[in-house]
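Notes follow once the structure below has been shown.
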Amino acid sequence: MRCIVSYKSLRSCLVNVPELLLESISEPVQNYAVQAVVCKNDIKKTFYFGISGIPSQFSFEIDSTYAHTLKLAENQEINLSIIDCTHEIEQLEIEPVTSNDWEIAERNAAWLEENLLVQYRVATTERFIIYLPSGTFIQFQPLKLIPSSLCGRLLRTTEVLITPKPNTSAIEVKENRKVNLRCVVENRLLPDSVTADSPALCVFLPLNFPDRPDVVYMDGGNLKSTIVCQCVSCPFQIPGHFFISKSLALSYSIKTGFKFQIWKAHNPPSSSKFILEQKGLPPESNLSSELVAAKLKNSYLMDGMTLKLVDIAVSYSVSGLSGVVKNPIQDIKITSDTNVPVNAGIRNNSPRLSMQPFPHEFAQVRNAVFLHQNIYINGPKGCGKSNLVHSLFDYYSLNSIYFQMIVSCSEIDRSSFAKFQSFWNNVFIQAERYEPSIIYLDDVHCLISSSNENGELGFVEEREIAFLQHQIINLKRKRKIIFIGFGEEFLTFSENLVLPLLFQIKIALPSLAVTRRKEILTTIFQENFSDITMDSIEFISVKTEGYLMTDLVLFVKRLLSEAFVEKIQNGPKHLMNKGLIEKTLKDFVPLQLRKAKFVKSSIRWIDIAGMQEAKEAVRDIIESPVKYSLIYKQCRLRLPTGILLFGYPGCGKTYLASAISSTFPVQFISIKGPELLDKYIGKSEQGVRDLFSRAQMAKPCVLFFDEFDSVAPRRGQDSTGVTDRVVNQILTQMDGAESLDGVYIVAATTRPDMIDPALLRPGRLDKLIFCDLPNEEERLEVLQKLANRFHIENAAMLKKLSTLTDGYTYADLSSLLYDAHLIAVHKLLKRVSINAVDPSQTTSSFTNLTTESKRNASMLALPPESRYNQNMQSMSDSKSVVIEDYMLMEALKKNSPSLNSEEFEHLSNLYRDFRSKLFEPELNARNTDVGSKTRQI
């Protein structure tokens with residue numbers, strides 16, 4: 001395509017091409033390049049450019065400065081074509097055109113590292129420019145492309161090497177010139193060949209350092225006075241930086257990012273003898289003095305310094321004239337200080353693993369840091385956030401030049417805005433002084449969460465958040481500072497409003513899968529030197545569904561303690577047997593479940609009479625998937641997880657649901673409908689989210705919604721909109737992007753027609769079970785189950801009652817027997833009062849008494865209060881009270897069905913219409929389509 005060159009202030013090496021060319025691209029523009037052929041004086045020259053993706057007006061738009069660099073004139077005709085830029089550059093070596101360009105590049109090395117690909121995407125052998133935020137630009141000349149090619153695509157993994165081009169006249173400096181450099185504590189960026197034979201206390205300076213000294217003075221940073229250090233020349237260069245050995249950094253508490261003045265030491269201190277007073281270990285420590293002394297060869301020691309060496313958990317107080325250690329055996333004498341307690345190091349209550357339990361999220365954070373974006377990582381307490389913080393801190397300490405700081409937001413003094421502002425100003429000053437910086441904000445939710453009941457921020461809180469927002473946004477624009485926040489999920493409206501302003505990326509830590517739990521448990525047991533079989537670890541990983549990382553650590557500690565106790569009591573054989581593991585699992589309660597209220601009912605499954613269809617459905621949906629979870633996981637079909645029990649009042653819906661907790665190996669959470677509703681916006685939805693989150697943590701778990709029609713009515717009928725939002729949230733939780741793995745929903749209602757129809761569709765409440773009035777056989781079974789609790793004189797009377805109680809519900813039958821029992825109790829009380837004769841009227845003759853008289857005589861020998869208590873104790877057993885036939889008939893006369901004919905007819909018509917509307921289309925489809933989904937009525 002022929003077009004003309006048009007100048008435009010693009011401030012980039014990317015170009016704009018006509019829309020006609022862009023339409024021919026089917027993939028992202030990053031995968032393509034523009035080939036521009038220029039013909040001048042019968043000489044053709046080809047250029048290659050990266051595409052910006054912005055269409056132009058029938059012209060080839062290019063930055064004017066970049067065009068002058070390539071000698072492309074405005075309005076010059078060129079031929080354009082789109083080519084597939086599949087060639088990837090692994091290494092690009094470039095050189096600044098002038099020494100001024102080198103100085104600018106050296107001062108802005110960190111910015112270039114992050115933003116080079118934004119302006120220069122397709123590498124060629126032609127000169128190019130990079131614009132800086134200040135408005136200046138740097139010219140570079142490519143020297144080498146590996147693999148060699150006319151053009152290639154730059155990736156984030158491409159290694160870019162900048163060859164220094166120093167000003168030769170400026171290198172000829174005075175002897176005592178001080179050079180300002182930013183320090184980096186020794187890490188993996190340094191080649192092993194440089195650090196292998198280096199002294200324990202030294203600095204690594206670039207090759208272009210003036211005079212390449214062997215010994216240097218260093219001042220600034222956090223040093224109280226000038227120190228002298230051994231110098232090692234390092235071919236690996238980061239402009240404006242130097243490396244410092246780990247031992248030297250530990251001894252003087254130096255961190256990456258501190259800035260120092262360094263100059264050549266013309267008259268360094270000579271060799272000297274030193275006394276090292278050992279601190280941190282008792283005298284019987286087997287730490288070799290010769291080993292410590294050997295590490296200090298060719299190192300400079302200062303009088304009064306505190307010496308700390310890598311891999312040695314002890315510190316030394318140095319005394320002697322400042323100088324270098326030439327002969328360690330002769331020059332160093334080590335003594336012990338028994339008055340100093342053992343140095344246990346930094347205590348951290350959070351469990352920390354040597355492995356990374358969240359590799360995917362760890363990679364996400366690394367990518368976000370590469371893009372210079374703020375990140376917020378959320379998860380419940382104990383899920384592994386602290387472990388991730390330390391993993392990130394260790395990673396960037398070993399692989400970057402970032403200054404790092406951890407801020408605990410929960411410990412900030414917020415008694416006044418002045419103190420709050422002063423604290424953060426100090427943090428921001430350090431981050432700005434030592435940039436590039438990464439600031440870890442722990443417990444961020446403590447800053448943004450509101451203490452008000454309605455979730456709204458107060459005036460002081462809004463002022464604090466506005467201050468933080470202003471400072472963080474300004475620092476992000478002007479400085480290379482990255483904020484990584486950790487905390488719990490933001491749920492309220494005000495929190496979600498503030499979150500995107502402070503953090504661009506939000507990462508939620510997921511629950512631990514079985515394989516991940518197995519890896520974590522293996523690591524924990526290995527770190528505790530426990531001999532446990534892999535079969536036992538796999539068994540524990542399967543049984544710890546919903547456990548957080550902290551739960552796993554605490555569980556292993558509990559298990560090891562139980563094993564130790566068993567070892568003392570029963571000997572060392574079979575310490576980690578399955579019985580011990582199961583016992584520990586049964587007694588252990590995860591952190592997230594310690595505040596949860598789980599229901600354990602005394603109702604047994606065998607106590608439920610009738611309702612065979614409902615009981616079979618509950619077993620199919622809940623018991624089988626839980627009991628045979630490994631088999632069901634291999635099934636790719638989506639299993640039903642919801643049951644709706646609907647029917648007449650008193651027909652056993654709640655009774656059946658209550659028996660689940662005592663029958664199946666699941667946790668049971670019961671929710672009364674109205675308790676989820678709240679007058680404040682967002683609170684009801686938050687309650688629903690918390691409820692499902694608790695259930696997910698406790699899985700396998702059953703959520704039982706009683707009176708479901710009150711919490712999930714048809715949308716559009718509530719003037720306040722509260723129930724509409726609750727229904728929307730329940731729909732999202734039940735059948736949203738995140739599946740309810742291991743969480744089962746059981747709902748009960750008398751009015752299914754009032755429930756929102758969306759909740760009754762497949763994928764939500766899959767099984768709709770009608771709980772009808774019991775028939776004669778079911779009534780007899782109910783009466784027989786209830787009769788086991790009482791003493792019925794004539795069991796055959798129950799058959800007669802079952803025929804006389806047509807229209808009775810399960811609750812009515814239970815009330816009938818309880819009324820009969822109450823009649824029997826009243827009769828017994830009357831008999832007891834008659835037998836309680838006054839003691840003054842009794843005789844002393846107790847000979848030839850009948851059995852009943854003997855009992856009465858023994859009662860009369862007791863005080864009146866004792867006689868009454870013993871009578872009541874004999875009546876406390878329900879089976880000691882005999883229910884006779886006439887009592888049952890008398891109770892039947894007093895009772896009547898709780899549903900009168902009008903209510904029964906109304907509900908019957910309602911259930912008939914509900915079932916016909918809901919199921920007739922499916923029944924018709926089932927007659928024509930084989931394999932259609934069926935639903936249970």
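Using N, Cα and C of the backbone, Cβ positions are placed for all residues, glycine too.
The ATP binding site feature in Swiss-Prot is assigned to 379-386, 647-654.
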*Let me know the DSSP-derived helix, strand or coil state of K385 (ATP binding site), please.*
helix
*Count of other CB atoms lying within 10 Å of the CB belonging to K653 (ATP binding site)*: 26
*If you run the three-state DSSP split on C651 (ATP binding site), which class comes out?*
coil
*asked:* With the cut-off set at 10 Å between Cβ atoms, which of these binding-site residues ends up with the most neighbours? Options: K381, K385.
replied: K385
*Any idea what DSSP makes of G379 (ATP binding site), helix, strand or coil?*
coil
*Find, among the binding-site residues listed as G647, P649, the one whose Cβ has the highest number of other Cβ atoms within 10 Å in the structure shown.*
G647
*Mind giving me a neighbour count for C651 (ATP binding site)? Other Cβ atoms within 10 Å of its Cβ, every protein chain shown.*
26
*Which chain-mates of G379 (ATP binding site) that are at least 6 residues away have a CB under 8 A from its CB, listed by sequence?*
K385, E488, E489, A508, L509
